[in-house]
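Note sheet for the following structure.
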């Protein structure tokens, strides 16, 4: 599991624009076909290129160790849960290693991962996660993002709201000295949230993985050592 992209950048795939296909769809398809991380994910068995973002976060901050309990919010299609499963050496028989993953969309089974197909915002979802976790969590991670509409300010605020909800949940379930990871889009309104996070965690960092597309405003909030 490395970020060596040798051999993934050599071939450019061109996409003809169909009369029936919107230009935006053609651009998305072209970007996917020519993205070295998409190709690398297919070859290495990861379900999405997002897997490499979490790997980079781990290699930078060394968050994951065996015998952890983890909550993955917005898990589909499962790339982050796959990475976490490998890093904590999860198995279906080891109750000390546990990953609870949640999303509205279904994901295929992953070793050591218990998946809940639920809306995180439903009233009973938090209680269900806490019940299934059987104790406090070591890491809460959220790659949740709202469906983008191309309006940066709106996309920023919608994803920031998801991050705030994930943060409030993390405060309830994390053990002391444990960690929270979440995606945000830069846009200026995140300062108030960052101040809240800094009051609850000893170290708070911004991190943009190399595997995050350069044109994207996404960054990751890495909050270490809950007080």
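Each Cβ is built from the backbone N, Cα and C atoms, and glycine gets one as well.
Here's what Swiss-Prot has on this protein:
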type	residues	note
BINDING	78, 80, 103, 119, 143	S-adenosyl-L-methionine binding site
ACT_SITE	183	active site, proton acceptor
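Positions of Swiss-Prot features highlighted on the structure.
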{"residue": "78", "record": "S-adenosyl-L-methionine binding site", "CB count, 10 Å": "25"}
{"residue": "80", "record": "S-adenosyl-L-methionine binding site", "CB count, 10 Å": "29"}
{"residue": "103", "record": "S-adenosyl-L-methionine binding site", "CB count, 10 Å": "22"}
{"residue": "119", "record": "S-adenosyl-L-methionine binding site", "CB count, 10 Å": "12"}
{"residue": "143", "record": "S-adenosyl-L-methionine binding site", "CB count, 10 Å": "23"}
{"residue": "183", "record": "active site, proton acceptor", "CB count, 10 Å": "22"}
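The maximal spread of the S-adenosyl-L-methionine binding site, taken as the longest Cα to Cα distance among 78, 80, 103, 119, 143, is 18 Å. Residue 80 (S-adenosyl-L-methionine binding site) falls within a helix when secondary structure is assigned with DSSP.
Residue 183 (active site, proton acceptor) and residue 80 (S-adenosyl-L-methionine binding site) are 12 Å apart (CA-CA, integer value).
Residue 119 (S-adenosyl-L-methionine binding site) sits 18 Å from residue 183 (active site, proton acceptor), taking the Cα positions as reference. The residue listed as 'active site, proton acceptor' falls within a strand when secondary structure is assigned with DSSP. Residue 143 (S-adenosyl-L-methionine binding site) sits 5 Å from residue 183 (active site, proton acceptor), counting Cα to Cα. The two recorded residues, residue 103 (S-adenosyl-L-methionine binding site) and the residue listed as 'active site, proton acceptor', have Cα atoms 15 Å apart. Across the fold, the C-alpha of residue 78 (S-adenosyl-L-methionine binding site) and the C-alpha of the residue listed as 'active site, proton acceptor' stand 16 Å from each other. Taken residue by residue with DSSP, residue 143 (S-adenosyl-L-methionine binding site) is part of neither helix nor strand, so it is coil.
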